[in-house]
Structures are given as C-alpha cells and as structure tokens.
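Here's the structure, in structure tokens; my notes come after.
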Amino acid sequence: VGLVYMFNLIVGTGALTMPKAFATAGWLVSLVLLMFLGFMSYMTTTFVVEAMAAANAQLRWKRMEKRKDDEDEDSSSGVSDSDVLLQDGYDRAETRPILSVQRRGSPNIFEITERVEMGQMASMFFNKGNPCMLCCLSTIFPFPAVGVNLFYFCIIVYLYGDLAIYAAAVPVSLMQVTCSATGNHSCSVGDGRKYNDTDKCWGPIRRIDAYRLYLAAFTLLLGPFTFFNVQKTKYLQIMTSLMRWIAFILMIILALIRISRGQAEGHPSMAQLSGIRNLFGVCVYSFMCQHSLPSLITPISKKKHVNKLVLLDYVLILAFYSLLSFTAIYCFRNDTLMDMYTLNFTNCEIINVAFIRYFLGLFPVFTISTNFPIITVTLRNNWKTLFHREGGTYPWVVDRIVFPAITLIPPVLVAFCTHDLESLVGITGAYAGNGIQYLIPAFLVYCSRKDTQLVFGSGTVNKHLSPFRHTFWIVFVLIWGFSCFVFVTANIVLSESKL
C-alpha cells in the first residue's frame, strides 16, 4: 500500500506537462534525460531512507538514556515498577508503525518505527556539533542553525511554486473548456490554431479576462482553507487517485487508437538542445517524492527489501512516463501539444463522446482543487516552524492572519501574471526541486553518517544503508545538483539576452 501511495504521489501534475516538454527537447534527449533523472531520484530516495533510520536510532538512543536517568531518579524517589512499565508500554504504542507486527526481543536500533520529517532530520544533523560540509556554512554566516534555515527556505520556495502551478492550472483548464464550448471554435483545441489571450471568449470577455475571473473564483473558494486546518483527507485522496488513473489510462488508450488508425500527426525530432532547460525542470518535478518519504515509508511493516521495492516503483513510473509521452508526441503535432496535456483531448476529432471530453478537460480542476488546501496548510506550517523560537508563541493576528496571507497571496499573484504552466513547472523543478531532490538528501545522508559514527562508533552498520554507500555518490550528486543550478541559470540568461 505504501508503494502504491508513492506511485500516486510521484505521478501527479508534472506528468501532464511532460508530453510538451518531450516534444520540445526531442525524443532521444528526453528519454535519456528521463532515465538518468529517474536513477538520480532513486539514489537520493535511498539516501533519505538511510537518514530516516539514523534519525530513528538517535531518537531511540536518547530515549534509552533518558529512561536510565529516570529509573535512577525513580529508584531513589520510590516510584513503583508498574508505573514505569505502563508508561513504557504507552510510549511504544505511540511510536511504532500502524501496521507493525509485535515481535519479541528488542528491535534493531536503526529500525524505522517513528516518523521523522525532513525538517526534524535537518534540525538533528545540520548543527555545529556535526562535522559535515553544510555545517561549515554556520561559521560563514552569523546565524544559528543555518542549515535548517536553508532547508526550510528550499521547501518553502518549492511549495510556493507548487501552489502557483495549481493556481494557474485550474483556471487555464476552465478557460480552455468553457471558451471552446461557448465560442465559434467549439471542439477545436487540437486543430493547430493558437489562441491569444486577447481573443474573444464570451461576447466582450477576452480569454485572459475569463482566466482571471476563474482565478479569482478559485482563490475565493479555496483560499479560506489556508486560514484553518485541513484534516481527514483520506476519502479525497482515494477519489483523486481513482480519477488520476482513469484519466491517464484514457489518454494513453485514445492516443494509441489514433496512432493505430494511421491518424497520427506527430513527427518529433531526435534532439533539440533549446528545450532541455524546461525538460529538466519538468522531469525533476515529476520525480519529486523525497519530502514525503517519512510519511510513506514509516508505516510499512516489513522494511527489509524496501530499497528493492522502491526501485521497482521507479521502473514502473519510468515506463509509465515514457508510454504517456511517446504516445503523445507521435499522436499530436508539436505545435498543437498543450501545456496541460489533458486539453488535447477536448477536440471532437479525437473523441466524440462529450462526457469523456469534459472529464479529461476538467480533470485538473477536480484533482488539483482537492490538493490545493492541503499544500497551503503545509506551507503555512513551514513558515511558522521557520520563525518559531523555543518557548515562544505568536500573537493571534500573526498566527491567524499574517502567516495565511503570506502563504496565499504570492502564488495567486504569480498565477495572475502568467499561466505558462511549462515554464512554471520547469523553474520550480529546476531550482527548488533540485535542492529538495538532490542537495538536501545528499547533505542529510553525509551528516547522518558522521553523526552515527560519533554516537555509536565507526563499526556500527545502519541496516538501511543505501546501496550507494560510497562517498563518491554523495559528491557526484552534489556536483550534479550545483551544475544544474549553473546550467539552468546560464540558459535562462542566454535565452533572455537573445530576446
């Protein structure tokens, strides 16, 4: 079940922008880069799992030390053994995974039984007492816990990008479907015509006006959730997962049917270097799961072969992405592929069943709308954690008004200014996604290994040690991550200077 959740988490909104990125960069370059970035993502996933195990070992060690101190105090104060046993049983019941099987004997100290989020791991391992590379920044900058702050900065930027993509994707889908349905160009999404934002939608209302009206309605309907806590989302997740699978399978089948009938129009090139920048960002964004691994891995009962099973997940996801993208670029001409791939199926020539056309056209509206409140609350809580100080509390206005406002307003403003989804996904993946998927896991696993050696001795072996255990792989990931920053930035600067 955990691996199914991971598959659903990774195969999300980014996959809908991948076909156009494939067509822009060329099929061979796209396939090679997709496979390489999938491998890199798997490597850093194993890094995060290893860091989780090291964090669990450290917490378990501290708890054992505290228990010894308490027992020494209890023996002198006269507390009964039964009280200690009851409390100990309660602690174990609260920290073990929900699907765990009760076993006799003491568990391995590196067993992953307690969920430790990436922010907590950053707090544990990115400190001045740990001789890791990132901690050297603490001597350069006069701020405490600079590694933790850099982590939160990276995750906050990524979540802002996520919300901007979501805030733009829903109004774009609504604008495209309703303007096509009510105008003179009904069912013409895939006919090769490119509509400008200034084209008419309904009477005097332009397409850009319709987009902004939908954006305002989206903000007014879902924005208030930012000011409250969103819980009990299990049924929403089940519904969106089911709709996602139906939509993706429908698009693959419809594209294959059109290709088999000889109606394919796509003639993709082999390589176009100008499209690599956006393709890189889209692929990184489409393999993102590292920040959610603690919630996915911890409840799994038997974790002995978790790395092999995660590898199987990545192979299936890679095959799925390849199938979706290749059927798309051979079915549709490059200039007709939409930023949001589902919109290519609102054309009557592709499918003459009105219900399927509207289902695929409005698919992002349903799925993204259910995820938007969850991400806004996550971002708001990260802001609170970043500025939180031990023992301090926020005033009511700051807690209930300021933090939700700074969470909601920036992504809505970005979506108001642009609805270029491919660029939004590309920039979010290339910058913030690069940090979360490559740099932070590499620093985490390096620091956790140094910390484990300090606490438990150099001979201690982490049972969840990554298959990429040599320091070379950490250095390779760091060099790759920093090189990607430089490459993407240089590519953007050169593109802008040409314009």
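Residue numbering: from 1, along the chain as shown.
Placement of Cβ uses the backbone N, Cα and C atoms for every residue, glycine included.
In TrEMBL, annotation is done automatically, which means it is predicted and not curated.
The domain 'Amino acid transporter transmembrane' annotation in TrEMBL covers 6-52 (among others).
Taken from TrEMBL, the feature domain 'Amino acid transporter transmembrane' covers 214-468 (among others).
The transmembrane segment feature in TrEMBL is assigned to 27-57 (among others).
Among the features that TrEMBL reports, transmembrane segment is placed at 134-160 (among others).
TrEMBL lists 211-230 (among others) with the feature transmembrane segment.
Marked as transmembrane segment by TrEMBL: 242-259 (among others).
Residues or ranges marked as transmembrane segment in TrEMBL: 279-297 (among others). Same-chain neighbours of the transmembrane segment (279-297): 2, 5-6, 9-12, 14-15, 17-18, 21-22, 24-25, 29-30, 33-34, 37-38, 41, 44-45, 48-49, 52, 112, 115-118, 155, 158, 303, 306, 317, 321, 422, 425-430, 433-434, 436-437, 440-441, 484, 487-488, counting only residues six or more beyond its ends whose CB sits under 8 Å from a CB of the stretch.
Taken from TrEMBL, the feature transmembrane segment applies to 309-330 (among others).
What TrEMBL lists as transmembrane segment is 350-379 (among others).
Within the same chain, residues 40, 43-44, 47, 276-277, 280-281, 430-431, 434-435, 438-439, 441-443, 445-446, 466 sit at least 6 positions outside the transmembrane segment (472-494) and bring their C-beta atoms closer than 8 Å to a C-beta of that stretch. Annotation comment: TrEMBL describes 472-494 (among others) as transmembrane segment.
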Which numbers of helix, strand and coil residues does DSSP report for the domain 'Amino acid transporter transmembrane' (6-52)?
44 helix, 0 strand, 3 coil
Tell me if the transmembrane segment (309-330) touches the transmembrane segment (27-57). I count contact as 3 or more CB pairs below 8 A, with pairs 6 or more residues apart.
yes
Positions whose Cβ lies under 8 angstroms from the transmembrane segment (242-259), at least six residues beyond its ends:
8, 11-12, 15, 320, 323-324, 327-328, 330-332, 341-342, 345, 350-351, 356, 359-360, 363, 366-367
